[in-house]
Amino acid sequence: MNAQREPSGLERLEQALDYRFTQSDLLQLALTHRSAPLDGSKAGEVVATTHNERLEFLGDSVLNLIVSHRLYKRFGEVPEGQLSQWRAMLVNTRSLSEVAKDLELGRYLRMGRGEAKSGGREKYSILGNALEALLGAIYLDGGFEAAERVVDRLFAHQVAGIEPEQQGKDYKTLLQEYLQARGEALPIYAVLSAEGPPHERVFVVSCHPREQLCGHGQGRSKREAEQHAAQQALELLIESENEHHD
């Protein structure tokens, strides 16, 4: 009786994805960081001229479209701004890296010795980018429906966890999470004015998440004004990011 063959490393990854590549070179390319040496070269001498960044570009668009469609179908009465915020939370670098870690994606990546020694297999940005590249590779290999199935499998828990009555209300927290996921500093809030008698005072607050970007908010309390300022700042950031992707 023949012993059952143990799956190879990449076969284990395919099992975790529940998708088997017909073009194995696409899978290899998706897992190749730009620091990886060319085959046969010494580490650090010649870096790969083919790496996963173009696939990452493609996978980013594929992922955004699929997640956008899922949110659009599930939340029929939710306005565009709120859908954009939920999508940003689902596909930000930290969220992607967590999905990548569940797949143990770091262990399969090809990268240079220096990058690996500096913790490259655990870096949020590298893991998130590799996951997007993987989705781009699946799209090229099996088409959009195959990519949809994999995204649904990987992100089902996150999408199911969104509850309209609980999410999207604390804009200060949403803004903080958005910035932290991108490795940016926390926003700076400042009270611009506080006018009127104590029982009818109106506060105007500014929120600076980045040097050249500012949100403004008004409210009957400082906290309410900060929430409105954070909401506007977050919407401006998402709008800027969407324009960048376009």
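Backbone N, Cα and C atoms are what each Cβ position is placed from, and that goes for glycine too.
Annotated features in Swiss-Prot:
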type     : residues              : note
DOMAIN   : 10-143                : domain 'RNase III'
BINDING  : Glu56, Asn129, Glu132 : Mg(2+) binding site
ACT_SITE : Asp60                 : active site
ACT_SITE : Glu132                : active site
DOMAIN   : 170-239               : domain 'DRBM'
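Feature map: Swiss-Prot annotations on the structure.
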| residue | record | Cβ neighbours (10 Å) |
| --- | --- | --- |
| Glu56 | Mg(2+) binding site | 20 |
| Asp60 | active site | 20 |
| Asn129 | Mg(2+) binding site | 24 |
| Glu132 | Mg(2+) binding site | 27 |
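Each residue contributes its Cα atom, and for Asp60 (active site) and Asn129 (Mg(2+) binding site) those atoms are 8 Å apart. Secondary structure from DSSP puts Asn129 (Mg(2+) binding site) in a helix.
Residues of the domain 'RNase III' (10-143) grouped by DSSP class, helix first, strand second and coil last, total 90 helix, 4 strand, 40 coil. The Cβ centroid of Glu56, Asn129, Glu132 marks the Mg(2+) site; residues of that chain outside this set whose Cβ lies within 8 Å of it are Asn52, Glu53, Leu55, Phe57, Gly59, Asp60, Gly128, Ala130, Leu131, Ala133, Gly136, given in sequence order.
Mean model confidence of the domain 'RNase III' (10-143) amounts to 88 (pLDDT, 0 to 100 scale).
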